[in-house]
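Written out below as structure tokens is the structure these notes cover.
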Amino acid sequence: MNIFEHSIKNVDKGNVVAIVGTQWGDEGKGKIIDILSKYSDITCRFNGGGNAGHTICVGNKKHALHLLPCGVLYENNINILGNCMVIHLKTLMKEINNLGNNILDRIYISEKAHILFDIHQEIDAIQETRKSKDGNAIGTTKKGIGPCYSTKASRIGIRMGSLRNFENFKKLYIKLIDNLMDLYNIKDYNKEEELNEFYTYHKILKDKIINIISYINKSIDSKKYILIEGANAAMLDIDLGTYPFVTSSSTTLGGIFSGLGIHHKKLNLVVGVVKSYLTRVGSGPFLTEQCNEIGEYLTKKGFEYGTTTNRPRRCGWLDLPMLFYVKYINCIDIINLTKLDVLSGLKEIYVCVDYKNKTTGELLERGSYPLEDEQLREYEPVYEKFEGWDEDITNCIEFDELPENAKKYVLTIESYIKTPIVWVGVGPTRDNTITRKFD
């Protein structure tokens, strides 16, 4: 389905579609982004850094992307790394080199994106070690994301635009690194070696660093199709997620406008990606977590191991109150439900439909969400039970081919969140996706 032509048929707006994760990440955004990239002219990433990861399965080959947008897999697609990203250039160049085929010709990097240095990763590990001693570790990927955003917020960070003039970059670099070494008592850091690496990056990338705001808006005005891919997910948003167990950037709809510099009226469709069950990496509250054989089953069958860290993900039942809250804050228009096939073989499936206060027995108002850890501990999940199914659904290509219990599961989710589920993922590849009609 060409979602761009479908979505703008009766809407006098821009040709812009956004994909956002609705949970704690790892929902399977990469696959739907990959599918839709076929129809887009430009694919944009607006936030985050190498802590995110998309795994794209094309035939028997897997592509793990941490910084590059998924559009790089299509030769007709321009790919943009946005303003609010933090970019570890060693990681970026590794991804570019792994893909080959003149990928660099189709990549542009915002001059406003911040550079993530190796010292940011060292600081991340130092901070996490200190927190773990007090039992307050966040469970970060140790990719340096938080420290890089910290230097950005402190206005001492270095932006990609500075790399175009290497002599000026060198002065900024020495000042920043000396500052951070002193602040964190880092005695041994090879500045000369890193500067040599960055001189290479300067020569390779200086013409790829541009004003993306102008580029994207001119593209929208000329009726190009723009696909926006979110990294991480809504419940990891620095402001709207389960703080402090969040990432360091805005992962929700609002982050798009600063991350790419486009007007909100230019955005005409928001796709929310929902996994059929729930997972989380690292620390933080998780009301529906299953620390039992069900959790182990979901981890193994769903191959729930982090793209970035390879850590096993915590697994549990789908949480609809959370999903309803995320729909509110992202203005989600349609849903892509993923990994329904993982639930095949379970005799019973549970879905959280309400949060009940442990003391008063009152149910949480739909659309609100207690984001603080201590607030969440006041509630317990209220479940609805569904009968499972044994059939292998990976070869289903139409919704009506699904077992009745699987269809009931999907339709119940759709009814609860009052948002059409357009795509249903029934396996790992592009072809394992059921497309339903929507108005």
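Each residue, glycine too, has its Cβ placed from N, Cα and C.
As annotated by Swiss-Prot, active site, proton acceptor applies to D26. Feature annotation from Swiss-Prot assigns active site, proton donor to H54. Per Swiss-Prot, the feature GTP binding site maps to 25-31, 53-55, K62, T307, R313, 339-341, 425-427; the stated evidence is sequence analysis. According to Swiss-Prot, the Mg(2+) binding site annotation covers D26, G53, on the basis of sequence analysis. What Swiss-Prot records for D26, E27, G28, K29, N51, A52, G53, H54, T141, R155, N232, T247, R311 is IMP binding site, and it gives sequence analysis as the kind of evidence. Here Swiss-Prot flags T307, T308, T309, N310, R311, P312, R313 as substrate binding site.
Around the Cβ of N51 (IMP binding site), a 10 Å sphere holds 30 further Cβ atoms from the protein chains shown.
In the structure as shown, the Cβ atom of R311 (IMP binding site) sits within 10 Å of 13 other Cβ atoms. The secondary structure of K31 (GTP binding site), as reduced to three states from DSSP, is helical. A 10 Å cutoff on Cβ-Cβ distances gives N232 (IMP binding site) a total of 30 other Cβ atoms nearby, all chains included. Nearest to D341 (GTP binding site) in space, judged by Cα atoms and limited to the recorded positions D26, G53, T141, T309, is D26.
R311 (IMP binding site) sits 12 Å from D26 (active site, proton acceptor), taking the Cα positions as reference. In this structure the C-alpha atoms belonging to P312 (substrate binding site) and D26 (active site, proton acceptor) are separated by 12 Å. If you check the binding-site residues N51, T141, N232, T309, N310 against G28 (GTP binding site), none has a Cα inside 10 Å of its Cα.
The recorded positions near T141 (IMP binding site), taking a 10 angstroms Cα-Cα threshold over the set G25, D26, R313, amount to none.
Secondary structure at D26 (active site, proton acceptor), taken from DSSP and collapsed to helix, strand or coil, is coil. The closest partner of N232 (IMP binding site) among the binding-site residues, by CA position, is G25; the full candidate set was G25, K31, G53, N310, G427.
Proximity to G25 (GTP binding site), defined by a C-alpha to C-alpha distance within 10 angstroms, is shown by the following binding-site residues from N51, G53, T309, N310: G53. The most densely surrounded of the binding-site residues T141, T309, N310, judged by C-beta neighbours within 10 angstroms, is T141.
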